[in-house]
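**Q** Please find one structure pasted underneath; my questions will follow.
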Amino acid sequence: MATLSSPTIITTTSILLNNPFLPKTPQLSAHHHRGVRSVNGKVSCQTKNNNGNDENNQFQLIQNPNTNTPYLLDRRNILLGLGGMYAALGSEGANYYNTLAAPILPDVEKCTLSDALWDGSVGDHCCPPPFDLNITKDFEFKNYHNHVKKVRRPAHKAYEDQEWLNDYKRAIAIMKSLPMSDPRSHMQQARVHCAYCDGSYPVLGHNDTRLEVHASWLFPSFHRWYLYFYERILGKLINKPDFALPYWNWDHRDGMRIPEIFKEMDSPLFDPNRNTNHLDKMMNLSFVSDEEGSDVNEDDQYEENILLMRKAMVYPSVSDDPNKAELFLGSPYRAGDKMEGDVSGAGILERMPHNSVHVWTRSNTIKGNQDMGAFWSAGRDPLFYCHHSNVDRMWSLWTDVLHGGNFPKTPEYDDYRNAYFYFYDENANPVRVYVRDSFDTERLGYKYEDQELPWMSITQQQQQQQRQQQRQPLLGGRLKTRTFSLVKKVLTELKVMLPLPLKYSVIKTKVDRPKKSRTKEDKLEHEEVLVINFKLGKSKDFIKFDVYINDGTDYKPEDKTKINLEYAGSFTSLTHGGGGGGGDMSHMAEEDMGKNTVLKLALNQLLEDLDATDDDSIQVTIVPKSGTDSIVITGIDIE
């Protein structure tokens with residue numbers, strides 16, 4: 001690893017299982033809550049095995065004999081005898097993790113109230129109706145088989161099938177009319193997202209750690225399952241089991257607007273808590289606020305949108321690096337990790353354009369970033385599910401179309417595969433679903449209608465032309481035209497000392513590369529990754545900063561994000577609610593309020609585009625855009 005010299009470098013990727021997993025006394029205590037049982041020493045759930053037989057699934061506490069650290073294990077994940085298990089405790093790598101599998105498990109018996117808004121003016125809680133774990137069944141494909149494969153189609157083509165559109169409106173209307181006691185009702189479905197995304201559930205065995213499915217490798221799978229059951233509920237309500245959700249096709253020019261079917265004010269698909277300035281406007285997939293870039297014409301905006309999509313989808317897919325799945329899907333998140341400090345960060349799929357679309361859609365007049373701009377309220381807008389249908393489509397495209405190589409499509413750790421969530425199905429029955437069963441949309445019974453992918457066909461010549469049009473570096477106080485080689489030479493001479501606050505100033509610094517002039521084989525096997533470590537404090541605003549490589553532009557925070565050839569990516573984060581019970585954050589340590597976070601960006605293809613593969617170093621530019629007052633950059637490395 002090449003490291004930028006810094007007095008303080010904070011490493012944030014804590015994937016080793018060396019955190020205190022449980023109190024030193026190996027005893028769990030679940031207090032009597034909402035009529036469910038109390039347990040000590042083990043957590044027992046009655047489930048069904050693959051043959052439909054009852055199975056007493058017990059989580060047991062054991063200790064690593066090398067470290068005396070206790071771990072919570074699911075017996076079904078241990079395929080070794082007792083002697084083999086203890087021998088494996090001293091091993092390293094994936095076998096170590098898989099033997100001591102520590103997946104994230106929600107403690108749904110302890111759902112807590114939360115303040116929805118930061119100032120507490122609107123109180124709400126995120127707890128769906130409680131259920132008895134003793135009667136909860138595990139998901140089995142045979143019990144949710146579809147006789148006809150569902151086809152999700154672009155929302156902007158909805159008027160071509162009036163029968164389907166009428167069914168969609170009727171299903172949403174019925175869902176909204178269901179009583180709050182029904183877990184399938186519109187508000188209760190929205191609360192599912194709030195509960196898993198705003199810290200209402202503690203992690204099983206870790207009462208001081210709140211579960212959060214964003215900013216980790218859980219993000220894609222959770223939302224796929226969420227839409228899966230939401231879609232089945234809608235079909236059940238109108239007695240059409242083959243009903244399929246639409247997808248908001250924001251990666252295609254025809255879909256880069258809020259779909260018309262969601263703008264009819266008398267429709268159940270309408271939500272008043274949207275940005276009224278954007279109802280008929282082409283989307284900006286790198287959006288921050290209406291104040292920046294309002295004068296950009298549609299053709300230029302479209303070109304930037306598809307270049308952003310290419311950088312988000314194609315650039316991370318050009319090598320066979322075994323860690324590629326985590327780079328795209330999100331960083332590891334294991335039991336014992338605290339989202340306030342141990343979880344590294346969101347994957348490419350979540351950061352852009354997912355987060356920007358949320359912010360583009362949220363209300364511009366109502367406080368609290370409602371509805372789409374905050375985790376606690378996003379599920380209240382029917383457009384949310386259409387948006388996430390396209391996010392899910394991006395995952396499918398990355399897996400089935402862009403994959404093409406030998407790297408794993410998903411992380412291979414049992415910590416990831418054996419994590420689970422609870423949902424209500426179309427019959428209002430609770431069901432437990434595992435991450436490992438979410439990978440194949442064909443088995444889940446749905447697919448996406450094919451649509452042109454304009455971001456797949458951008459040519460090198462088009463990118464070079466865009467670079468020439470956009471390059472106007474400000475050097476020596478005067479605007480001059482420079483050749484790319486001269487600009488690169490000047491830029492890479494500067495190096496800054498960290499840590500540095502990002503509050504209002506742009507950070508430009510030289511970063512040494514660990515290896516230059518890499519062979520084709522080396523680049524195929526290993527992705528060069530830019531790693532930006534930073535402290536992230538609380539913010540009431542959408543958080544965003546942009547990153548550029550070898551760019552001579554004199555950027556200012558108020559400038560519109562320029563999606564040019566040098567653009568490497570952005571860090572983004574939506575607004576959270578209070579969590580933790582009435583906004584009580586006492587379960588968090590003081591030092592955790594500024595959490596260690598990391599942004600990882602793929603460099604292989606970008607360095608090729610910039611003719612920088614033979615350089616000893618690169619220049620990194622970090623531009624604050626929104627909510628960065630509490631961000632401190634602590635380290636910039638290449639690995």
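Any Cβ shown, glycine's included, is placed from N, Cα and C.
These numbers come from a predicted model, not from an experiment.
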**Q** Do you know which of HIS186, HIS193 Swiss-Prot groups with HIS214, HIS223 in the Cu cation A site?
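**A** My reading of Swiss-Prot gives HIS193 as the candidate in that site.
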**Q** CYS111, CYS126: which one closes the disulfide with CYS194 in Swiss-Prot?
**A** CYS126
**Q** In Swiss-Prot's disulfide listing, CYS111 is paired with one of CYS45, CYS127. Which one?
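**A** As annotated by Swiss-Prot, the paired cysteine is CYS127.
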**Q** Taking the recorded Cu cation A site as HIS193, HIS214, HIS223, identify the other residues of that chain whose CB atom sits within 8 Å of the mean position of the site's CB atoms, giving them in sequence order.
**A** TYR196, CYS197, VAL213, PHE219, PHE222, TYR226, PHE375, ALA378, HIS388
**Q** CB neighbours of CYS126 (disulfide bond) within 10 A?
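**A** Excluding its own Cβ, CYS126 (disulfide bond) sees 26 Cβ atoms within 10 Å.
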**Q** What three-state secondary structure does DSSP assign to CYS127 (disulfide bond)?
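**A** Looking at the DSSP assignment, CYS127 (disulfide bond) belongs to neither helix nor strand, so coil.
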**Q** Is any of the recorded positions CYS194, HIS214, HIS223 within 10 Å of CYS127 (disulfide bond) (Cα-Cα), and if so, which, in sequence order?
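**A** Near CYS127 (disulfide bond) by Cα: CYS194.
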**Q** Give me the CA-CA distance between HIS193 (Cu cation A binding site) and CYS126 (disulfide bond), in Å, as a whole number.
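**A** That comes out at 8 Å between the alpha carbons.
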**Q** Cα-Cα separation of CYS194 (disulfide bond) and CYS111 (disulfide bond), in Å?
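**A** With the alpha carbons as reference points, the distance is 11 Å.
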**Q** Specify the secondary structure state of CYS111 (disulfide bond) as given by DSSP, simplified to three classes.
**A** coil
**Q** Between CYS111 (disulfide bond) and CYS126 (disulfide bond), how many Å separate their Cα atoms?
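**A** One finds 8 Å between the Cα atoms of these residues.
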**Q** Determine the Cβ neighbour count for CYS111 (disulfide bond): the number of other Cβ atoms within 10 Å of its Cβ.
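**A** Excluding its own Cβ, CYS111 (disulfide bond) sees 21 Cβ atoms within 10 Å.
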